[in-house]
Amino acid sequence: MGAAAAEADRTLFVGNLETKVTEELLFELFHQAGPVIKVKIPKDKDGKPKQFAFVNFKHEVSVPYAMNLLNGIKLFGRPIKIQFRAGSSHASQEVSLSYPQHHVGNSSPTSTSPSRTVDNMTPSAQTIQRSFSSSENFQRQAVMNNVLRQMSYGGKFGSPHLDQSGFSPSAQSHNHTFNQSSSSQWRQDTPSSQRKVRLNSHPYVMDRHYSREQRYSDLSDHHYRGNRDDFFYEDRNHDGWSHDYDNRRDSGRNGKWRSSRH
């Protein structure tokens with residue numbers, strides 16, 4: 001394989017570009033898929049940039065991954081269209097694989113899409129795609145956040161870092177929701193007897209929440225009646241003593257009155 005063919009395998013064609021898109025912006029965008037050597041936007045005779053560009057990667061495996069990750073992303077409201085460069089081995093594999101799928105009987109319009117053809121590439125490309133397939137949506141969001149931030153502030157395009165700030169709030173909310181649901185479920189699953197035991201463990205709960213009759217409800221009827229009879233017995237003795245005292249006082253008075261008459 002010659003040097004030109006090797007460079008073609010590491011290059012992507014990016015079309016449908018807005019006139020505001022610059023080489024620095026494309027460098028920052030495609031750097032999310034792997035190390036980028038250079039980005040070239042050709043110009044016409046008048047010096048105006050054309051609506052397509054070439055992105056050259058350092059590693060060949062970054063080419064199919066960049067197509068799967070960034071194809072269709074909108075820049076300034078216009079979705080970009082990524083294709084393999086003509087003459088590369090990726091483009092020839094895409095053409096050769098599209099015909100067997102068509103003759104098998106799969107008439108789906110997405111049978112020849114880049115995402116389907118990438119799955120049938122070399123084992124190294126398949127391994128990379130499988131390793132990133134689970135986090136593809138997160139990486140696409142991170143790429144757009146990074147690009148929008150660069151476009152908003154107009155900063156210099158250097159070595160990019162994935163913006164992970166969009167992931168932490170969802171993780172915290174999930175943890176918070178899980179903690180609330182688990183705590184509420186624990187409160188619902190706790191038996192009522194255990195809650196009563198915890199309430200009765202406080203030394204003053206009984207005095208606060210129960211009246212005198214409820215506090216003495218555990219006493220036996222015999223003991224309660226015995227105490228009540230004792231009080232009545234004392235009352236009867238007191239009444240009997242006062243009655244005898246009144247009789248003696250009355251009899252004494254009557255005796256003196258009788259003695260005085262005689």
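Including glycine, each Cβ sits where the backbone N, Cα and C put it.
Taken from Swiss-Prot, the feature compositional bias 'Polar residues' covers 165-194.
Residues or ranges marked as compositional bias 'Basic and acidic residues' by Swiss-Prot: 242-253.
Across the domain 'RRM' (10-87), DSSP classifies residues as 17 helix, 26 strand, 35 coil. The domain 'RRM' annotation in Swiss-Prot covers 10-87 and is backed by sequence analysis.
Among the features that Swiss-Prot reports, N-acetylglycine is placed at Gly2.
The annotation phosphoserine is assigned in Swiss-Prot to Ser133 (among others) on the grounds of similarity to another entry.
Annotation source Swiss-Prot lists phosphoserine at Ser134 (among others).
The feature phosphoserine is assigned by Swiss-Prot to Ser201 (among others), with similarity to another entry given as support.
Summarising the annotation, Swiss-Prot assigns region 'ZCCHC8 binding' to 25-35 (among others) and lists similarity to another entry as the type of evidence.
Summarising the annotation, Swiss-Prot assigns region 'ZCCHC8 binding' to 59-76 (among others).
Residues or ranges marked as region 'Disordered' in Swiss-Prot: 95-121 (among others).
What Swiss-Prot lists as region 'Disordered' is 159-212 (among others).
According to Swiss-Prot, the feature region 'Disordered' maps to 242-262 (among others).
Over the domain 'RRM' (10-87), the average per-residue pLDDT in this prediction is 93.
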